[in-house]
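This report concerns only the one structure given below.
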Amino acid sequence: MSPTLAGILFIGSLVLALALTHRPLGDYMYRVYTGTKHNAVERVIYRAIGVRPDAEQKWSVYARGVLAFSLVSVLFLYGLQRLQDKLFLSLGMAPVTDHVAWNTAISFVTNTNWQAYSGESTMGHLAQMAGLAVQNFVSASVGMAVAVALVRGFARNRTENLGNFWVDLVRGTLRVLLPIAFVGAIVLVAGGLVQNFAEPHTVTTLTGGQQAITGGPVASQEVIKELGTNGGGFYNANAAHPFENATRWTDWFEIFLILLIPFSMPRTFGRMVGQVRQGYAIVAVMATLALAGVALTNVFELSGGATVPQAVGAAMEGKEVRFGVSNSATFAAATTLTSTGAVNSFHDSYTPLGGMMTMFNMMLGEVAPGGVGAGLYGMLVLAVITVFVAGLMVGRTPEYLGKKIGAREIKLASMYFLVTPVLVLIGTALAMGSAEQRASMLNGGPHGLSEVLYAFTSASNNNGSAFGGLTVNTPWYDTALGLCMASGRFLPIIFVLALAGSLARQAPVPESAGTLPTHRPQFVGMVVGVTIVLVALTFLPALALGPLAEGIH
Amino acid sequence: MSTPVIEAPGRTPAPRKKVGGGLLDPAQLVRSLPAALVKLNPVHMWRNPVMLIVEIGAVFSTALAVADPSFFAWAIVVWLWLTVIFANLAEAVAEGRGKAQAATLRAAKRDTTARRLTDRRDPDRWDDVGASELRQGDFVVVEAGEIIPGDGDVVEGIASVDESAITGESAPVIRESGGDRSAVTGGTKVLSDRIIVQITQKPGESFIDRMIALVEGANRQKTPNEIALNILLAALTIIFLVATVTMQPLAIYSKADNPGIPDSLALTGDGVTGIVLVSLLVCLIPTTIGALLSAIGIAGMDRLVQRNVLAMSGRAVEAAGDVSTLLLDKTGTITLGNRQASEFVPAPGVSADELATAAQLASLADETPEGRSIVVYAKQAYGLREREAGELAHAEWVQFTAQTRMSGVNVDSRQVRKGAATAVMKWVRENGGHPTDEVGAIVDAISGSGGTPLVVGQVVDGKARVLGVIHLKDVVKQGMRERFDEMRRMGIRTVMITGDNPLTARAIADEAGVDDFLAEATPEDKLALIKREQEGGRLVAMTGDGTNDAPALAQADVGVAMNTGTSAAKEAGNMVDLDSNPTKLIEIVEIGKQLLITRGALTTFSIANDIAKYFAIIPAMFAAVYPGLDALNIMRLTSPQSAILAAVIFNAIVIVALIPLALRGVRYRPSSASKLLSRNLYLYGLGGIVVPFVGIKIIDLLIQFLPGMS
């Protein structure tokens, strides 16, 4: 079988698996988020944290819940890292330095999982499990909760109520993420991943040197890292490490986990607004962008358009031999399209245009299909903007799902899409404008620029993958990227929730022949077009001086 | 209930004063130039953030060009200023079209002297005061040849009034006290008789004052959609501002990284030159729609004015585009207003011609519209020559009375009658005839179909019999069904309002093709219907003229008051139709839609344009340091300078090129949202991508010969 055909089969089987699972999972999540019953465990939790689970919240209260929970999480995670030497299961690791601890705390709470540290040599088991892995669950659940709140804004009428953040958070964690993670972890262990509490093994290598091989609760963290589109690896090498990603099969399964929830959320959305076809339209937009992203990354990598790959016959630098070019490219596209940021190969070593695709995927705003929850709400904001322009063109005040898109809605949607480009561009400009920060670049020329651009794109979009090459564990980068992660996560969430509140207050406009249909291919094409054009127009100058300058000859 | 519009039979509606009005006279551009220059004042530009950025950029570039002059720099500076001026020109031209109309109105408003009654009960004692001194509640007397000094209601008398000053319609109208035709407008002229008018306006707030303000767009408020669009444009402007400014450190780095490359006009060791940076910014921000946005709004109002409709706010025009339920009065809007003969159904044993002749004979002296229609129908359908009543020598005409409920003629020994079924049948029986059951069946069938049956009977030589039945029905205006089909395609539900009984109403509703009807409608029913529709989230439009329409007009999202109506109705509605033509509601909806479509289409066009500009400017800036980027120069533009200048020139020229479209509005044909979107996407989305590639290339070919371009 030729590598290209194998790559196509790999992608095709993923598409098939997702097509089969998105519906039952989407329906299940619909029931989870609309159900009225609380199980015993949940009731205990609600009593413990003092929440009345049946009390509805208006948008500002919901947003306060998100922010308060996240703030507590950051402080807890920061403390855990700084004090890890005083606690158990630290494996003798020293306290994490202050700027790395802050950066890591923000990173995991914002579902970014940017890692300014090397996992196996910085974090003990307690910090990994009680800190990072817990955040892998709850930060994902926060994203889903916000998405569900926005969907309720569309689905509900004449109300201030958007649901209860604490209930959504608990249900998302206990009913959606935990069960899938449990099954997934067993599959991964069966696939060859490690799961133990053993002390590092010290082995003698072939050359006679000593090497410490760290084991740990890897599979359990790996599964939620992918499932929750987190991306923070147990090991520094992330999913390129054989203990995190043993074979092509685990590779396939991990990509499947990455895409599973983001591609199922539109189904949940369709069910909640009572029009399944609207969900299909959204999933179609996501799938179109995702397939294009995967295909182009593969094309650029397989054609190996750079000097060294041409010389050696394939763009294998930075890629694992057990995965090969195509599967690495597919993983890279999936992880950048979903704000996961796990890597099984090193994007820094990609061909210039392949590397550009990983950036472009993130620059789409992490909407295709994006992070768990975050992808859906980002895509819905883009749909709102598309509806606004398209709606004017059919001669009516634009409306989406029966809700008018007026000045307030467009203001919130605009502020949403302003946040990340502004963070990316200003961050990159500040870093490139300072000789001191430029010194962190491994390479000169356009490739060095790409390294910096990638870092800020990844942090601001809450992706968390690193291009590599750039030395980022300096106080400046830790602080700047931490600010990008926090602003890139919470400002959009506030705008989305405010938008949800504004939509829920409205009375619905009945659909008629004069209403812009938002479930047809025509609309899908428009959202795809608006997304690409907005991104291209915003980032073309920066991309021109980075990967394009390097890649076009 | 509204009363039918009084129109003399056979009179065609006055032709529009200006049709279309989309053609742009180049002289108009020149005339508007001074106004456009005045608008350069930043205080004015503040209202339009996109163009304010362009103006700031132009000032900045001018300073740079003064400091470091070159042909290229000055050429860019000139075109940047032209971009701002063109934008102002668009607005000035749009406003200029209203100015002429305002001038006409001002002429009507010249200060007249009013004869104010000192005592309401004594119509012969008054003092002369200036019209501007009149207060609400004052009574004035106006006689033939005088100008009515202010808006008010006729409280005494009847007069014919020339309202051409405001409506442009030269035929005089009747204004009388009481009823729904009591409103008079200040500035119009009484042609005959004498009336006493109670002033209802506040000083300086007359209808004409408001009209002048409206057509001049003096205190034009931004409409909700316009505000939303402005926010989106501001957001795009911020993004491009950030994208352009943050490019500078990257450019400096890239230049420093390639030390062997000499400085160019676009890129030096200090980064992209200020002028090129401003050029890029101006090309990227949505200047096209930013420049034309306010002109589109003004022109939308103007299009209504050209159709003799005054919208009291832009918000109302926009709401018209969103209307999903249209309430239409049956009489005058859907039907011609009078019942007309549509069929002769002969009784058994009677020939159709016999019935037609008798029906015609019985109606010759009948001057009611129904009677006339029988004569006309007999001629059209049976070829019976129209006879004059005087032709029959011995005819003795029997007039219709409320008691007999029939009319007819006695000629020699022949008596013919037509009238209400029971009355004529009774008359036949009294004369010894025996109407058959079939006649009763015919009568019931006609009543059942919503028509009005008139039975024709005759007595010849003492022998009485029923000849047949005339079917009178409400005649639906031509083309209404097609109009309503169009409405349905646009997603608009039409509801017919009528005082008829449900049976008749249903028959007419079916024939006209409206979606629903409200029979035996009272003003309260109408109001309730509007509220019900609005609760379901629908926007409702209606027309009305009577005082008892006022609550419904006020409740409706778009309430069009007829100018013939009462002051109360005009006060309650948010639009006034000077032609008092209820069918115009449909046109108003279309204009509202067209306004929004034009904004959406030009926004799409504006954003789509950016793609080509990037392909022009990015290689121009950076191909020197990274030769590979020349691959992006797919237009193969002559040089970096010519590429940048061509993009800036295109950006400015496209504004002027689109002024006619902004004023005329995008072509609108009623169809479903989906079809409309496809068409507009194709034209303005795809067109917006392709046109600038062609345009910039052509401009580049032209300017390549200028100095400093190679």
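Cβ atoms are placed via backbone N, Cα and C, with glycine included.
Note that TrEMBL annotation is computational and uncurated.
The annotation transmembrane segment is assigned in TrEMBL to A:61-80 (among others).
Remote same-chain partners of the transmembrane segment (A:87-109), defined as residues 6 or more beyond its termini with a Cβ less than 8 Å from a stretch Cβ, comprise 70, 73-75, 77-78, 80-81, 115-117, 121-127, 129, 131-132, 135-136, 139, 197, 199-200, 214, 230, 232, 464, 473-475, 478-479, 481-482, 485-486. According to TrEMBL, the feature transmembrane segment maps to A:87-109 (among others).
The transmembrane segment annotation in TrEMBL covers A:129-155 (among others).
According to TrEMBL, the feature transmembrane segment maps to A:176-198 (among others). Panel annotation: around the transmembrane segment (A:176-198), residues 28-29, 32, 89, 125, 137, 140-141, 144, 215-220, 222-224, 226-228, 242-247, 249-250, 253-254, 257, 260-261 of the same chain, lying at least six beyond its termini, place a Cβ under 8 Å from a Cβ of the stretch.
Sequence annotations record features per position, and here TrEMBL assigns transmembrane segment to A:252-269 (among others).
According to TrEMBL, the transmembrane segment annotation covers A:281-300 (among others).
Away from its own ends, the transmembrane segment (A:374-394) comes close to residues 111, 143, 146-147, 150-151, 154, 229, 262, 265-266, 269, 282, 285-286, 338-339, 365-368, 400, 405, 409-410, 413-414, 416-417, 462, 492, 496, 499, 514, 516, 518, 523, 526-527, 530-531, 534 of its chain (Cβ-Cβ under 8 Å, at least six residues beyond either end). If you look up TrEMBL, you'll see A:374-394 (among others) marked as transmembrane segment.
What TrEMBL records for A:415-435 (among others) is transmembrane segment.
Per TrEMBL, transmembrane segment is recorded for A:480-503 (among others). Same-chain residues lying 6 or more positions outside the transmembrane segment (A:480-503) and placing a CB less than 8 Å from one of its CB atoms are 58-60, 62-63, 66-67, 70, 102-103, 106-107, 110-112, 114, 116, 146, 149-150, 152-154, 160, 162, 374, 377-378, 381, 384, 403, 408-409, 412-413, 415-416, 419-420, 423-424, 427, 430-431, 455-456, 459-462, 472.
TrEMBL lists A:523-544 (among others) with the feature transmembrane segment.
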Based on Cβ pairs under 8 Å, which of the stretches A:61-80, A:129-155, A:281-300, A:523-544 lies most in contact with the transmembrane segment (A:415-435)?
A:523-544
So which residues does the transmembrane segment (A:252-269) touch in its own chain, when a touch means Cβ under 8 Å and the partner is 6 or more beyond its ends?
10, 13-14, 17-18, 21-23, 25-27, 29-30, 33, 140, 144, 147-148, 151, 176, 180, 184, 187-188, 191, 222-223, 226-229, 239, 245, 276, 278-280, 282-283, 286-287, 290, 327, 330-331, 334-335, 338, 340, 342, 344, 369-373, 375-376, 379-380
Below 8 angstroms Cβ to Cβ, which residues of this chain, lying six or more residues outside the transmembrane segment (A:281-300), approach it?
7, 11, 15, 22, 259, 262-263, 266-267, 269-270, 326, 329-330, 332-334, 336-337, 350-351, 353-354, 356-358, 360-361, 364, 367-370, 375-376, 379-380, 383, 518-521, 523-524, 527-528, 531-532
